[in-house]
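*Asks:* Pasting in a structure now, in structure tokens, and then I'll have a few things to ask.
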Amino acid sequence: RKRQRYVEKDGKCNVQHGNVRETYRYLTDIFTTLVDLKWRFSLLIFILAYALTWLFFGLIWWVIAYSRGDLEHLGDHSWTPWTPCVNNLNGFVSAFLFSIETETTIGYGHRVITDTCPEGIVLLLLQAILGSMVNAFMVGCMFVKISQPNKRAETLVFSSHAVVSLRDDRLCLMFRVGDLRDSHIVEASIRAKLIQSKQTQEGEFIPLDQTDLSVGFETGDDRLFLVSPLIISHEIDERSPFWDVSRGQLERDDFEIVVILEGMVEATG
């Protein structure tokens, strides 16, 4: 029969959080929230962060030019020439372009701030500092999102089925894992969890209870040298949760075994 999985085959947890009232907690850790967003939302926020910053400072540059009267002296060829705050700034579009040039440090040279505008100098320093902060934050989010190990896990292959059989005259639950890439997983370790609802002796029902399955923690066999495919074995002894389970009960019971492989990617760290 079709059973609902706790963890899908691609590693995604099939759990939805409901009745979460304190949603402000996601905003207190905004960096992790942005990293966890889907790519389309992350790219949208990435574009908006830069576009809105450029528009905001472009508007302030235009307000400074307008309040000083720089726009009224455009083309003024009198004997007392007017010194604007920003040379060749003749409207909002040019103020927006100057904002982009300032924050991205392009510096075309056609529009340049003069030394007769103290408020412009303060704004220039403020935009340079905030622009660096926006760059560090957004580029950091993109880098962490790109370097997530989700795609690397596609080349880690587990066997389609687990088997129970005798090995060295001991009953064992076994499965196989292998790495398709030439770049190895450094300090790889593996562990297994049995996910099953249970009822305690006091009558308490515990849904989705997690129990460790020993895959060699005592002997160090859980630390893998994953160069070639390896067979991972769990011995069914007195300490195993499968010790009192018959073959028929094994087919009827509703449980799931989740295997977790951890390590560092040799190529990227």
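Backbone N, Cα and C define each Cβ position, glycine as well.
Positions annotated as domain 'Potassium channel inwardly rectifying transmembrane' by TrEMBL: 7-149. The feature transmembrane segment is assigned by TrEMBL to 41-64, 121-144. Annotation comment: TrEMBL describes 156-269 as domain 'Inward rectifier potassium channel C-terminal'.
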*Asks:* Over the domain 'Inward rectifier potassium channel C-terminal' (156-269), what is the model's mean pLDDT?
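*Replies:* Averaging the confidence scores along the domain 'Inward rectifier potassium channel C-terminal' (156-269) gives 89.
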*Asks:* By DSSP assignment, list the helix, strand and coil residue numbers for the domain 'Potassium channel inwardly rectifying transmembrane' (7-149), in that order.
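*Replies:* Secondary-structure breakdown of the domain 'Potassium channel inwardly rectifying transmembrane' (7-149): 86 helix, 4 strand, 53 coil.
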*Asks:* With DSSP helix as H/G/I and strand as E/B, how many residues of the domain 'Inward rectifier potassium channel C-terminal' (156-269) fall in helix, strand and coil?
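*Replies:* Counting residues by DSSP class gives 6 helix, 60 strand, 48 coil.
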